[in-house]
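According to TrEMBL, the active site, nucleophile annotation covers A:S148. Positions annotated as active site by TrEMBL: A:D326, A:H359. According to TrEMBL, the feature domain 'AB hydrolase-1' maps to A:42-351. The site 'Important for acyl-CoA specificity' annotation in TrEMBL covers A:R328.
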Number of protein chains: 2
Amino acid sequence: MPYVNPQYLHFADALPLQSGAVLREYDLCFETYGTLNADRSNAVLVCHALNASHHVAGEYEGQSKSQGWWDNMVGPGKPIDTNVFFVIGVNNPGSCFGSTGPMHPNPDTGKVYGPDFPVVTVEDWVDAQARLLDSLGIDTLSAVVGGSLGGMQALSWTLQYPQRVRHAVVIASAPNLTAENIAFNEVARRAIVTDPDFHGGNYYAHGTVPKRGLRIARMIGHITYLSDDVMNERFGRQLRDAIVANAAEPPQQRPYRYSTQDIEFQIESYLRYQGDKFAEYFDANTYLLITRVLDYFDPASRFGGHLTEALRRATARFLVVSFTTDWRFSPKRSREIVKALLDNKRDVTYAEIDTPHGHDAFLLDDARYHGVVRAYFSRVAATLGR
Amino acid sequence: MPYVNPQYLHFADALPLQSGAVLREYDLCFETYGTLNADRSNAVLVCHALNASHHVAGEYEGQSKSQGWWDNMVGPGKPIDTNVFFVIGVNNPGSCFGSTGPMHPNPDTGKVYGPDFPVVTVEDWVDAQARLLDSLGIDTLSAVVGGSLGGMQALSWTLQYPQRVRHAVVIASAPNLTAENIAFNEVARRAIVTDPDFHGGNYYAHGTVPKRGLRIARMIGHITYLSDDVMNERFGRQLRDAIVANAAEPPQQRPYRYSTQDIEFQIESYLRYQGDKFAEYFDANTYLLITRVLDYFDPASRFGGHLTEALRRATARFLVVSFTTDWRFSPKRSREIVKALLDNKRDVTYAEIDTPHGHDAFLLDDARYHGVVRAYFSRVAATLGR
C-alpha cells in the first residue's frame, strides 16, 4: 500500500446534537484507502472506538511504526481488501486526533472549548459521518464496520440511515453498556476530574495535563480489555526481575522486595507503562466525552427497552462477531443484537470466536476471526457493481 | 447478646516478619464473644479481610448501628453460635482500627510510622494471632474462619500451626491472587500514591488525607466485590433521578443531562457515595499494606507452585465455600484448594453457593450459605469437650 495521508474537511453548517446543543462549525479529519469505483458502490466506513482515530491502515511517509490501528484487517489483500473496497476512516468530533475537539477554539467565544465542548453521542457521530459521505459524493455504504464503540456506530448507522447501508459489521460490541461498564467508566472519569491538574477541564490554560488521572483511567481500561486468562498466561504472578535461566524452566524468582510502592510484579510494570504512554498523548476532556458516548448509547431506550422494536428500522445485512473471553462486551451482549435482528427476520451472520484475548481480540490477528471477516467481505464484494 | 467491648494487649517481644524486618513491640485490639469452656476447646478465631476489624459481632453500648461486620453469622443462636463457641475477633497489625499500624509511633524513632511501617504478610498476621491465643491461654482452636483475605489467614493457620487448628473454614478465598487481582490492587495503590495529598505516605505530618486516591481505590474495589448480574439488577441503566410513578412499572426516565462530570446514572451515585464514606475512615497507608498482604500470599510458591505439596502439612478438617458469581475469588480458585486437600486425603466439605451477589456474598445473609456454615459448626460442636 502506498503511504497514506490524513485529509481535512471543514463543515460550515452547524451540526445539531442530541443534547439540543449544536456544533456550530467543525473540521473532520479522515483517511481513505483504495479507489472508489465508477458507480460509487464500494465504500466501507470504519468507525473507531475510544482511543483510536481516522488512521485505520497504512503508514505515514518517513514515520516508521506508524501503521494504522487496524492495519492487520484493512489493506490490499487483507480481510477488508482495499484492492476491492474504498475504505474510509474518520476521526469523530470530540476526539483528539485532528477533528474538532475540546482543545480547539469555540467559534462562539474564540477561546478553547475545554470542558465546554458539547457532549456528543453515537448518533451525533453517525450524523457527522453521513455529512462526510455527502461531501465525498457517496450515497450508500457497501458496509459500515466497527469494533467495541465502533460497533455501536455501525449498529446506529442501520437505524439512522437504513437506506444508506447495505452491510453492517458489529464486532465485540453491545446494544448498550451494563451497570458494570458504566461503573468502570465513572471511576476513570473521577480519577481524571479529581486530579488537581485537571482544573475543571481548563488545564490547557494552566499549562498542565491531568496525567495522574489519565494514567489511572488507562490502567483500569487495560484491565478490562484483557481477559483473566490472558493476563495469567502473559504475566501470572511473575516478579518484575524474574531470572529466566533456561526458557524451558519456569523463571526463577528472586525474593519479594516487600514494598508497597515499588514495582514487584510484571503486571504492575506493564500497567504503569501503558498508563504513562497514554497520558503522553491522550486528551483528558476527550476521555470524559468518549466514555459518555459509550454510557449514553442505548437505542432501545426510546422503545421502552425493547431492542427488537428498536432494530425494526434496520434493513442492512449483518455480521456480528464476539469473543468468548471478552467480559467487557461479552458474547451475551452480541447475542442480544443477533436475537433482536432475527426477531425482525433480518439476515445475520454470527460468529463467536474462541480466543483467550478478551475484548482486545477485536484488534488482534486471529486466523478464525479474520477468516470470518474475509469470507463476509468476499460475499459483499461479489454483489458490487463494476 | 450483651454489649461488647474491644480489649487491648501489649506485646513487648518483637515479632519477626517474613520480610526480615521486625515489629519491635505492638498492641493488638480484639474482642471476644461467648465463654471459653473448661477444657479451652471451644475457641473460634475469625480473621478479617481488607477493610474490616476485630469488631465481628454485637453492638457497642450507646452506639446504634454499631453491629460487627459479621453479626449475621456470629452470635447467640447464629451459624457460629456464641452459646456454644468462644469467638475471637482480632485486628491485624498494619490495619487502622486499634492494633498497631502506620498511624502509630515507631518505638525506634518516636515518630509516626507512616510509610515506614514494615510490610506484613498473611503469615506474619497468623504469627501475631498465635501469640494472642498464647496470651489468652488457648492452645488449640476449635476452628479458624475467614472470608476472602480472611480465608487466606485460615488456610495459612493450617500450614503454620497445623497442631493448633482442628477445623478451617475458608470462604470466597483463593490460594493466591491472579494477575488480574494484582492489577486491580495496583491501580488502587497508584491512585493513592499519586494523590498530591499522600506526601509519600507522610500525610499525617502534613495534616492532609489522600482522599481522592482512597475514593478511587474504594470505587474500584466495590466494582470487583459485586457481580455484573447484581449490578444490573440493583442499578442497571437507571438514571439518578428516575421517577418511579408506580412500583409495578419500570421507572420513567427523565432525559439525559448530557454532562461528563455530573452524576447521570444511579450506579455512579452509589460508587461515589461508597468512595466518599471510605475516605472518611480508612487509612491510606493501611490500604497499601493490606493490598500487598493479598498480593504476596502464595503458600505454593515455596513448593515450585505445587499447591498439593504446600498443603501436605495441613491436618485440619476443612469447610471451603465459594459463590458462583464471585469473579474476584471465583469458585475455580476454591476448587484448587479443595483439590489440593483431597490429593492429600484430607477431610474437606465443599459448597458452591448459587447467588447473584458476587464476592460480597460472603458477608450477606443467604439461607443456603448460612445453612452450610451452621451445619458444619453443629458437627464441630458435637465433638467438643464439656
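Keep in mind that glycine also has a Cβ here, set from the backbone N, Cα and C atoms.
Remember, TrEMBL labels are computer predictions, not curated facts.
Counted within 10 Å of its Cβ, the other Cβ atoms near A:R328 (site 'Important for acyl-CoA specificity') come to 23, all protein chains included.
Applying an 8 A CB threshold to same-chain residues 6+ apart, the list for A:H359 (active site) reads A:S148, A:A172, A:T224, A:Y225, A:L226, A:F323, A:D326, A:W327, A:R328, A:F329. Using a 10 Å Cβ-Cβ cutoff, the residue listed as 'active site, nucleophile' registers 26 neighbours.
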